[in-house]
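As given in Swiss-Prot:
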COMPBIAS  104-124  compositional bias 'Basic residues'
DOMAIN    430-624  domain 'SSD'
CARBOHYD  Asn127  N-linked glycosylation site
CARBOHYD  Asn176  N-linked glycosylation site
CARBOHYD  Asn197  N-linked glycosylation site
CARBOHYD  Asn264  N-linked glycosylation site
CARBOHYD  Asn319  N-linked glycosylation site
CARBOHYD  Asn388  N-linked glycosylation site
CARBOHYD  Asn767  N-linked glycosylation site
CARBOHYD  Asn883  N-linked glycosylation site
CARBOHYD  Asn891  N-linked glycosylation site
REGION    99-135  region 'Disordered'
TRANSMEM  21-41  transmembrane segment
TRANSMEM  443-463  transmembrane segment
TRANSMEM  473-493  transmembrane segment
TRANSMEM  504-524  transmembrane segment
TRANSMEM  570-590  transmembrane segment
TRANSMEM  598-618  transmembrane segment
TRANSMEM  670-690  transmembrane segment
TRANSMEM  975-995  transmembrane segment
TRANSMEM  996-1016  transmembrane segment
TRANSMEM  1019-1039  transmembrane segment
TRANSMEM  1058-1078  transmembrane segment
TRANSMEM  1087-1107  transmembrane segment
Amino acid sequence: MLCFDSERMNWYYHVLARRPYLVVVSIAVYCVACIIVALVLNKLPDFSDPTLGFETRGTKIGERLTAWYNLLQETDHHGALFSNPSDLWERRRVEQGYVETKLHPNHRRRKNKHKNRNKNKRRKEQNQSSHEHHDVAQKMMQFKKRLKATSSPSPNLGFDTWIGDSGVFRDYEITNDSASSSLEPTRRTEQIEYGHNTTSVDEEEHQQRVQTKKSTWRLLKQAATLPTDGWADMHRRQPIEGFFCDSSPRKEYSHFVVQRIGPNATDSLFDLNGLLAMCQLQDQITEVPSYRAFCEPEMLTTECCRPWSLPNYAAMLANKSSCFDLTTEDVTSLHTLLLGCYEYFHDLKMDNHCNEIPHCRAPEECKRLNIVFNVLNFLTDFSFIKSNDSNVYLKYAMIFIPVAQSNRLLPLFHEWEDVELINELVEVVAMDLGLENELFNELLLTDVWLVSLGGTFVMASVWLYTGSAFITLMSCVAICFSLGLAYFFYAIVLEFEFFPYMNLLAVVVIIGIGADDVFLFLKIWHCVLTERFSNRCTLTTQSQSALPTLENSDHTESLENIMALTMRHAAASMFVTSLTTAGAFYASYSSSITAIKCFGIFAGTVVVTNYLLMITWLPASVSIMERLFATRMSCHHPMSIKLIHACKKSINRFCQMFEECITKSIMNYAYLWLLIFGALGASSAVIVFWYPGLQLPEKSHFQLFVSKHPFEVYSSLKQQFWFEKPLQAYENFKMHMHFVWGVQAVDDGDYTNPNSYGHLHYDNNFNVSSRPAQLWILDFCQSVRQQPFYKETLGMLLPNCFIENLIDYMKRRCIDDMDSTRKDRSPCCDAQFPFEPHIFEYCLPQSISNMYDTTFFRPGVAGPKFAEAPRLETEDYLGMSGNESAEYSTNGSFTPLLVKALVIEFESNVAYSTIYANIRQFYESVEHWFQMQLKTAPPELQGGWFTSDLKFYNVQDTLSHDTFVAICLAMAASLAVLLCFTVNILISIYAVLTVSLSIFNTVAVLILLGWQLNILESIAVSTAIGLAVDFSLHYGIHYRMSPVKERLAATQFVLSRIIGPTVMAATTTGLAGGIMMASNILPYIQIGVFLVVVMIVSWFYATFFLMSLLRVAGPQHGFLELKWPLWSKRSSGSSKFYERKPSQVIASEQLLTPTSSAIVELANSETHELESLNSNSLIKTISGIESAHALSSLPRDFEHSFQTMHECKYQTYPSTSN
């Protein structure tokens, strides 16, 4: 805010100095009120789906995808469009029947009135019961499957009989019932939820069931003595319900990937030692305390079902109850079976139902209990066995456990983490529990302690820098208030409904920015105090006398005066820093990706609110500190104060040596630094723009955790197993081409809300019934088949190009001699193409309906989409035009149909891929050809557009384009700020060159670290500009404001004053980012790495490259300096600059606080630069015109209340001034 250098702001300085409590309380009340309103009126952010918002909106492809989504939503059974006209007619008939029933309630005969009423009542009760127990029915089906038995017992079976291998015994002696009586408990319609019965039962029926269960259990225990020898005995007893509860592994169950470790890590898992180690490992998995609460139990006991694993299948094959009993012969037996049956599995002659449905073309031993299929498909990697090779090598094996994937497994996952699933030979390297989003949501909150730790470190740095715990506390509160205010403006004022988790990354950034502003303000405050004491001295270090009162001073040194000077410099300096950073964030709003757009707005708003608090809350807090801690100074300092002073002296000496070393290296070796950093910048540019380049992501899966996390390892290994390959291998999935007419490619939804897709907009010019349109559609379908991207598809594809099917439909005879009814089909018969519009509109719905009635027809998305039009009378039908048609009539009126949209679909010969270049070539070739075709289309069909499976490609294309746009906008904003505040074209060019090379080096380092241009990386690149430009901005401005216009002297002047604060800012922000690298989630780690890299690179380039450039070719004596009339006028008003002078100190109690007293003691020590802007002086002395102006409205009795005499002996510290 440049207005702080204006005389009109004196009232504000007066308020800060005289009424700081009022300012602090007012701001606190306002901030707390805003935060409460935001939390009460707005829902708390939901991070259950971290990838929500990672989509493109507003682009050409994005609008088409949104319109396509809205079209699909509108064509479902609840929308206004229908692919099958019969569905629309059926709904119309139902609605009319409902109306007629209400208009004529007594049309039925009275004799059936009570009968129908009772029947309707029973039907209603049955429907209600069916609805209530729909979920239970699914469980009962599985339950009955496990308890299945033959429909009637064999006559030669005894009373106690084991039927089948399902584990169900029937006790005819006790129950004395039919074969189905023993299954009576399974027919209950109880409401069962995870083993809890929530309904009431009849007492007698309950007692009977209990007796039945007891008798059944008695027989189960007796059955333990039944013979179990022989593989051919299919009726042998298995534990309760079979070895695996009569079920097979499925993807919906939790599963673990096992790998061999140890000295024999390269050996195959498929040997006796490997299987025994896996057996032990699965026991570790199932023995955690909470496992029994989540596992799928056997239906008749509380025992958990066995895990589906390779050792368990080997034990079942060997007819052993435990996998610990396996021998080498058992492993060999399984090996022989798998080798002999592999060819049938590889040739797709087996599936998961071979033991139930006799359709598998494989030998019986290969189908028995699905051992072969389950082992090869689920439990071993796809390279385990190779065709025509008797050698097997198993690198990865899978263990499935009977625990369904759910977000409720988080406690169980933590127990597995504590157990460490590993033994001497094998370990679990990956797992899939369906917990990715839930765990990420938890870690997003639990890792906040890292943010707090980083904030604590920054606040500790502020404490050491300021020496005031009060200022440190108020600075921390200011940062918290800035976040709360930003959320208020984001959610309430700007009405953003979506809050992505990436917005939380702004917390890390604002901690560093807020601390930098505190450093800046306190630095200027210290320098102002130092300059005042050095100019108003009556005591030397060799003599000591009483300090004079304020009445005896020639110039009254008021708190208001000090505040005015500090604010005039600090407010403008903080404004420049905040402007560049907020501008870089707001530039991200130009992105078409929802999450990036929201992050840019929130992060930019946080920076703005932080700036507002730093020019209101922080000055008032400093004013309170000067009042609150003003005490009488004593010459007898306690030991703690002496230690602090000694520590400060050591730090001061180190800083002095550090600054002198850097200054001498730049002044003496400027050409060497230019050569080194210039070469690094050129090399970085090659890395960024040529090789390897900033690669686009090639995985649609967005990584949430570190690469070594079990969930992320599973994402990289899952394609090693056959059951995952159909979902991940796209070699058989070809890109579909959807050509759409009748719908505008418009997205009128909220681009900042991923749940808002707007409405479907129709093309009013669309009309497919005209003769030119019919001819063009037919020619278009024929032209598509001649293109190189078209794939010839076998089978019936009737709806893909509906016009061809309609032509065949219209060729039929009007009266078929083979039809006994001899129904006249006019006008939909014996017609010549192209058809008359009214005939086309009338017959098209019939043609489509007949096609849907075909048994071999499989409905898709292609074809015309019908909507209901206003009902017309019979005599109005001949006057209908456009896309209207009619099919049936009731009460003498027609129900016309409108062809509101048209979709023509073909399959291309391009396989789906996540590689950007491949899909880009496909999209551009099809799009270019289609646009050329539309130029020859009649006007009513020129509004068509093409779309396909382009969602991920759209994100890739947007990232590559929008990131470049955001960089250009941020760089342009930075250049504008530099021109405005340096007022020198050459300095601005040098600074922009430095920032550009800093960005190149930052991005190059990130590329070498393996980063790809994904969502977070795009944000990081644009944010780096705002963070990197600050250091260059400070160096450039102070070079321009140097009191000496000669190049070498100006360079040395800047280095002696800027190095310290920039090092402090870079260190605090970089270390705060370094702390975030200890997080468990990837976004926190990446933002930490980014902050560390950008701080190091930008500081080194600003200090060594820019200052070396200014040392060698910097402007001097006003060369290429812009002349602004207003600034020239201000510059002529003052020409005094801050100079160090020997310390002769005079002070009043108002200024002798922990802050000011430290300044007194360090008056002769090294004083860094002032972050001043737009002024010809770094610190103006309060004398003459400025002093009189600042005190014009201040009553002199204001100072009298703070007057106290002090006597102290000060020690002179060595100065670092040259």
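Every residue gets a Cβ built from N, Cα and C, even glycine.
When Cβ-Cβ distances under 8 Å to the transmembrane segment (21-41) are tallied for each of 443-463, 473-493, 598-618, 670-690, 1087-1107, the top count falls to 473-493. The most densely surrounded of the glycosylation sites Asn319, Asn767, judged by C-beta neighbours within 10 angstroms, is Asn767. Sequence-distant contacts of the transmembrane segment (1019-1039), counting only residues of its own chain at least 6 positions beyond either end whose CB sits under 8 Å from a CB of the stretch, comprise 502, 505, 509, 516, 573, 576-577, 580-585, 587-588, 596, 599-600, 603, 963, 966-967, 970-971, 974, 977-978, 981-982, 984, 987-988, 990-991, 994-995, 998-999, 1002-1003, 1006, 1013, 1050-1051, 1053-1054, 1057-1058, 1061-1062, 1065-1066, 1069, 1086-1087, 1090-1091, 1094-1095, 1097-1099, 1101-1103, 1106-1107, 1110, 1114, 1169, 1171-1173, 1178. Beyond the ends of the transmembrane segment (570-590), by six or more residues, the same chain brings 1-2, 4-5, 513, 516-517, 520-521, 524-525, 596-597, 599-601, 603-604, 607-608, 610-611, 614-615, 962, 965-966, 969-970, 973-974, 977, 981, 1018-1019, 1022-1027, 1029-1030, 1033-1034, 1037, 1171-1174 to within a C-beta distance below 8 angstroms of the stretch.
Nonlocal intrachain contacts for the transmembrane segment (1087-1107), taken as residues 6+ away from its ends with a CB within less than 8 angstroms of a stretch CB, comprise 505, 508-509, 512, 662, 666, 670, 673-674, 676-678, 681, 990-991, 994-995, 997-998, 1001-1002, 1005-1006, 1009, 1016, 1020, 1023-1024, 1027-1032, 1034-1036, 1051, 1054-1055, 1059, 1062-1063, 1066-1067, 1069-1070, 1072-1077, 1079. Same-chain residues lying 6+ beyond the ends of the transmembrane segment (996-1016) with a Cβ under 8 Å from its Cβ atoms: 54, 502, 505, 593, 595-596, 677-678, 680-681, 683-685, 687-688, 692-698, 702, 959-960, 963, 967, 971, 1024-1025, 1028, 1032, 1083, 1086-1087, 1089-1090, 1093-1094, 1097-1098, 1101-1102, 1105. On the 0 to 100 pLDDT scale, the domain 'SSD' (430-624) averages 81 in the predicted structure.
Distance noted between the C-alpha atoms of Asn319 (N-linked glycosylation site) and Asn767 (N-linked glycosylation site) is 71 Å. Secondary structure from DSSP puts Asn767 (N-linked glycosylation site) in coil.
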